[in-house]
Amino acid sequence: MTSEQPIPDITATPAWEALRKHHDQIGETHLRQIFADDPNRGHDLTVTVGDLYIDYSKHRITRDTISLLVDLARTANLEAHRDQMFAGAHINTSEDRAVLHTALRLPRDAELIVDGRNVVEDVHAVLDAMGDFTDRLRSGEWTGATGKRISTVVNIGIGGSDLGPVMVYQALRHYADAGISARFVSNVDPADLIATLADLDPATTLFIVASKTFSTLETLTNATAARRWLTDALGDAAVSQHFVAVSTNRRLVDDFGINTDNIFGFWDWVGGRYSVDSAIGLSVMAAIGREAFADFLSGFHIVDEHFRTAPPESNAPALLGLIGLWYSNFLGAQSRAVLPYSNDLARFAAYLQQLTMESNGKSTRADGTAVTTDTGEIYWGERGTNGQHAFYQLLHQGTRLVPADFIGFSQPIDDLPTVEGTGSMHDLLMSNFFAQTQVLAFGKTAEEIAAEGTPAAVVPHKVMPGNRPSTSILAKRLTPSVLGQLIAVYEHQVFTEGVVWGIDSFDQWGVELGKTQAKALLPVITSDGSPQRQSDSSTDALVRRYRTQRGRTG
């Protein structure tokens, strides 16, 4: 099913043409000049949402650019689409589904009727079940088959059932307070599971199998191998004490041997990449507890309310999404670097890759017609200062335009003094954060370098051209609430871009064919006798070489 109403071509609108002309006018105007012409922009082009201070002044935009981008958003009916999403309309048109990840963090006393049900009651029933279970786990009331307390939960999932929990656990592991750690298995490569289980005791290990349908190939393959590891040590009867499921398929969960009382459900209106604040976050709740998890959800809700109510001119996710679109469609940027100056956010860029690229990596609009402009930013990145010694060279002096998001915190969870005694290691980290955004924006001219006595032959090599844009996001401290706020800002950026491009940001048909083809190829590479010839010579040769190196005939 596609959208019943044709979607106007945004690139054929006066608002798009006005932005094109505006780009021609401001051209390559340097950020040095933009700041000189508008010296207060460093204070004015900021927005505070919850605990997040967001500075977007170091972008190659003027106040006129912002006004024109807002006009574009209104031309695309962003606010109406936003209201439809929050109301539970079926805006995932290709699958005829509501899109209600925002309902996962509504307070208990809220009401949202969708398809005849108050989904808030359903959400909190699951949250209560999660809380009761994790309370028992954390207190030691729930034990393994031998009576020992559980000390490690292993989440088995893939995609949204893995990337979100991995990232959040890494970010909030300092809040783990009950002696329970979490590990994660996603890859069907056996090395992943083998390494994860190598030093674990089956008697103190609990597995969470996270699969909506309970039929995902990678997840069920790993879960079956994990069950074998457990039963080899403790016997078949131990499965019910050492496995729980996050799924909607009670029959398959029961067939696997998991007690159906230990199923934590979710709904088809929650996409995998938007599900870390659902039962998919059970491993996180087990580690940090239900109260900290509630704080995590409250952070999402703070930004949800801001996005739902603020006009585009002062709406942080909308503005950042529109700025991203400005670079993608008018300045030719193809990627965005995500640079958290926090070791705890080591997995944040990987998480955002799925959130953004699976959502907006589309070439077909929601009405089934082809898009008429580039869509989908390529997200990548690394924590600072590691990235500075890896790829910042390209950001500073390369030929490609790469807008960057810098994320930092004023107060670390832990800190150490520097050897010199001037501040702390965290101060040193954040001095790099501020310096990098400054140098990217303003650079250093040949004249400035020559004035320092640099040999003339070396001057061109040391020129820092600047005019490289960035967003700075600063919060006091990385808490569960702040992490929820940060994720929600990016969720709603994705939505904003998708609305303007006219695409369905909530399906992912592009991942299906490869999975189907893999199932078809598995018997080809494992069967006895000569394999079926493939339709292309490359795949055929690869399959035959693989079979030979595995000692199989044909």
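A Cβ is built for glycine as well, from the same backbone N, Cα and C atoms used for every other residue.
The feature active site, proton donor is assigned by Swiss-Prot to E358, with sequence analysis given as support. E358 (active site, proton donor) counts 23 other C-beta atoms within 10 Å of its own C-beta, drawing on all protein chains shown. Following the DSSP three-state reduction, the secondary structure of E358 (active site, proton donor) is helix.
Annotation source Swiss-Prot lists active site at H389 (among others). Annotation for H389 (active site): no same-chain Cβ neighbours under 8 Å separated by at least 6 residues are found.
Swiss-Prot lists K515 (among others) with the feature active site. Reduced to three states, the DSSP call for K515 (active site) is helix. Neighbour list (K515 (active site), Cβ cut-off 8 Å, at least 6 residues apart, same chain): L217.
What Swiss-Prot records for 527-540 is compositional bias 'Polar residues'.
Per Swiss-Prot, the feature compositional bias 'Basic residues' maps to 544-554. Listed as Cβ neighbours of the compositional bias 'Basic residues' (544-554) (distance under 8 Å, sequence separation of 6 or more from its ends, same chain) are residues 525-526, 528-531.
Marked as region 'Disordered' by Swiss-Prot: 527-554.
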How many of the residues that make up the region 'Disordered' (527-554) does DSSP mark as helix, as strand and as coil?
13 helix, 0 strand, 15 coil
